[in-house]
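Record features (TrEMBL):
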type	residues	note
TRANSMEM	35-52	transmembrane segment
TRANSMEM	58-79	transmembrane segment
TRANSMEM	100-117	transmembrane segment
TRANSMEM	123-145	transmembrane segment
TRANSMEM	182-201	transmembrane segment
TRANSMEM	225-248	transmembrane segment
TRANSMEM	260-278	transmembrane segment
TRANSMEM	284-311	transmembrane segment
TRANSMEM	350-371	transmembrane segment
Amino acid sequence: MSLTEISLFKLLLTPWMLKAFWAPFVDKYGTKKSWLGWSMVGLIFTCLTGACTPPQNIVPLAGVLFLFNLLTSTQDIAVDGIAIHVLSESELGYGNIAQVVGYKLGSIFGGGVLTWLSDYMEWSSLLFSLAIAYVISLMNVAVLVPQTEDGKKESEKKDSSEEEIAEKVTKKVWILQHYTEIFQSPGTLWMIGFVLLYKLGEQGALNMLPMFLIDKGIPASTVGFWTGVVGQVLSIFGSIVGGAAVSGTSVTISFLQNVCAFRLVPMLFTTLVIFSWVDSSQVCFILAIISMCLMLLVSGIVTTATFTLMMQCSKRAPSHVQASHYTTLATLEVVGKLLFSVSLGSVTDAIGYENVFILFLVLTTLVISFLQSCPQDLIHHQEEVSVKDKSE
């Protein structure tokens, strides 16, 4: 398959681009715990369906993958809703360590371990293994996840709070008012621009470097080991460092400016490796792996710090839209990466690896300039929280 055809499979991630449209319904109806539990049930049945679907049948396989993304994107709304209500300002960094590191450990299992096992196990056995993982997760949800204010307690408050809101939004559709309050929250528009831009160069390089190595004759299993296992371990370590650095009294914007500036180092190093590549050179391969691992380490730091900044921004929104506010930011964060990655194959086929990596370098540089335009009210809010935490 061409790079263009492979990239088009990312369109199956469309539910992650659209989840903000049904986030208000997850916010308004039922409890976050119930949404989380039923999404797990759906994933179990999706795994069982996938186990009965031969991977050679592309259309049914695409349907299974689409269901995975529909259910997990809905699940993500519920998880974010729980987190935004449970975590205090000083806990946001550590809370994002838990969320980011958690999904990266899942990536190692699904994208690394199961991919490696695919050489030794049948397709159906792999999907049954994944179903068992979701059964265990469902039991954890039932036993460990509490009913927060987002669930039963908030449902008891709905009548009075909705009556007050209804008086203000007479004859307006509630969902339109919901989105209006989201986008009018302080710092939201700037935050949207940032999450759409901040990962483009880095994501492009991390997507296309493995394809470049495979095209140069490096075995896919070798590339998969370094990107899916070793690289993710480094990314997890970076996420822990990033979350710890912005927890407590740290000012997230200043930290992000410094880390994004440092991110230019592995990006420039990777570009130089692409330009100076010599076929069958073990040295070039080692340098490429080193640059990729360093970029994944920095990527983990940037990701957790950004998600913490997103939660800080969502905390400034009205309490009854905070979960949808964060989900909207998280959705747009995915949209920026997904739309760009879908076009990557075509762009690379058209202009070549060397030129596309120059594009990634330029995009990474633009992020540093964009951070300089951060609204003052968002910066001042962080400073106020930092002073408050010190006084406590």
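The chain as shown is numbered from 1 upward.
Backbone N, Cα and C define each Cβ position, glycine as well.
The stretch with the most CB contacts under 8 Å to the transmembrane segment (123-145), chosen from 35-52, 58-79, 100-117, 225-248, 284-311, is 35-52. Between the transmembrane segment (100-117) and the listed ranges 58-79, 182-201, 225-248, 260-278, 350-371, the one holding the most Cβ pairs under 8 Å is 225-248. Remote same-chain residues near the transmembrane segment (35-52) are listed as 26, 61, 64, 67-68, 71-72, 74-75, 77-79, 82, 123-125, 127-128, 130-131, 134-135, 137-138, 141-142, 145 (criterion: CB distance under 8 Å, separation of at least six residues from the stretch ends). Nonlocal intrachain contacts for the transmembrane segment (284-311), taken as residues 6+ away from its ends with a CB within less than 8 angstroms of a stretch CB, comprise 83-84, 87, 92-93, 95-97, 99-100, 104, 191, 194-195, 198-199, 202, 205-206, 209-210, 212-213, 218, 226-227, 230-232, 234-243, 245-247, 252-253, 255-256, 259-260, 262-263, 265-267, 269-270, 273, 276-278, 326, 329-330, 333.
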